[in-house]
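What TrEMBL says about this protein:
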- Lys45: active site, proton acceptor (ACT_SITE)
- Tyr271: active site, proton acceptor (ACT_SITE)
- Arg141, Met319: substrate binding site (BINDING)
- 250-379: domain 'Alanine racemase C-terminal' (DOMAIN)
- Lys45: N6-(pyridoxal phosphate)lysine (MOD_RES)
Amino acid sequence: MTTPAQSAPVAVDRLTAVVDLDAVAHNIAILRDRAGGTPVMAVVKADGYGHGAPQIARAALDAGAAEIGVTTVDEALALRAAGITAPILSWLSTRGYRAAIEADVRLGVSSPRQLAGIVADAHAAAVTAVVDVKVDTGLSRNGVAPAEWAATVDALARAVADGAVRLHGVFTHLAHAELPEHPFLDVQRDRLIAAAADLRARGLDPVAVHAANSAATLTRADLRFDLVRPGIAVYGRSPLAGDDCGLRPAMTLAAPVILIKRLAAGDGVSYGHTWIAPRDTVVGLVPAGYADGVVRSLSNRFEVAIGGRRFPAVGRVCMDQFVVDLGPDGGGVSEGDTAVLFGGDRPGEPTAADWGDAVGTIDYEILTGVHGRVVRRYVGAEGPGTSR
Ligand SMILES: *Cc1c(COP(=O)(O)O)cnc(C)c1O
């Protein structure tokens, strides 16, 4: 690979999510390698986990992903409008089928009622709908419930026979994938295999059996089947504790230090004075707050990297800003210097996982929570460019 091991340092003039599309390409290469030749569907739901769905989809497809996965039909249609022509599967919509069918978007089916709606819209559009039936093998979330499986297979057989529907795949979602040894993975695998056999016994031939999210793609060859569906790993975050799998975080959240001032020992910082300067010190102001995804529960619990050094954020995170303690000597920081809130690709940088650990959530929620006034800048394969 020609991809450098680390991305270049970032410099920003406002709160910016710098998205490195070379990192996405690198991560897709790792996932393709781990998938051992099984096609990769890059999951870009929730606006590409906060990274920008069309940009990530394009970078992933250019790097060899075969398909794109999203939750809603609206997300799928937005990708079509952005010029993405690759296969797209949308697995969590109960509306908008006709537009999806006409835009050649595959639909996940989780119940006979949903299938009936798809069949009606396929007739109205006079176009065959292509579906992947989703089996609930034990996550008890979406997917056809065991009690409705027989009725769903019957309805599918009828819909296929009258030309309203073509069955493309059968799939499921795993409950314990981040624990590769968990015995329930075997239970879900075997239930999925049985579901595929049920379909074949009715003359329905799913060409794509699929189950693996990032964690399963990275660890379980027996769960690859015909297609793998990684999400978080595309963005460079490993779902496996203590193993980064060589992935590179694609997003760096950064902001300039916009104001520097001296405080005397005993001065309080931010609302409620939850931090009091223990000594004379210098603080820097960073224009990012909870309205942008720097969750308030991080108050007094995170650090930023400036010029490769770590500094603690002190006092409450406000809607629009927070304060960093630069130490008595000011840490060599000047107004206009860039503070990295999280990135993780260069030595010394905090990560989205650090934030998750600090506030009792996961990096998935941190990444998808980046919003508000954050501007995105794309670097690498497709960049430079700014959106929003
Ligand atoms: C979100 C999602 C994925 C991707 O999961 P990751 O853990 O991010 O890899 C795959 N399949 C389905 C059905 C999903 O909802």
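Cβ from N, Cα, C; glycine included.
Keep in mind the model is a prediction, meaning the values are calculated, not measured.
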Tyr271 (active site, proton acceptor) and Lys45 (active site, proton acceptor), distance between Cα atoms, whole Å: 36
Number of other Cβ atoms within 10 Å of the Cβ of Lys45 (active site, proton acceptor) across all protein chains: 19
Arg141 (substrate binding site) - helix vs strand vs coil (DSSP): coil
Cβ-Cβ distance under 8 Å to Tyr271 (active site, proton acceptor), same chain, at least six residues away: Gly315, Arg316, Cys318
Three-state composition of the domain 'Alanine racemase C-terminal' (250-379), taking helix and strand from DSSP: 26 helix, 47 strand, 57 coil
All-chain count of other Cβ atoms within 10 Å of Met319 (substrate binding site): 11
Structural state of Lys45 (active site, proton acceptor), classified by DSSP into three states: helix
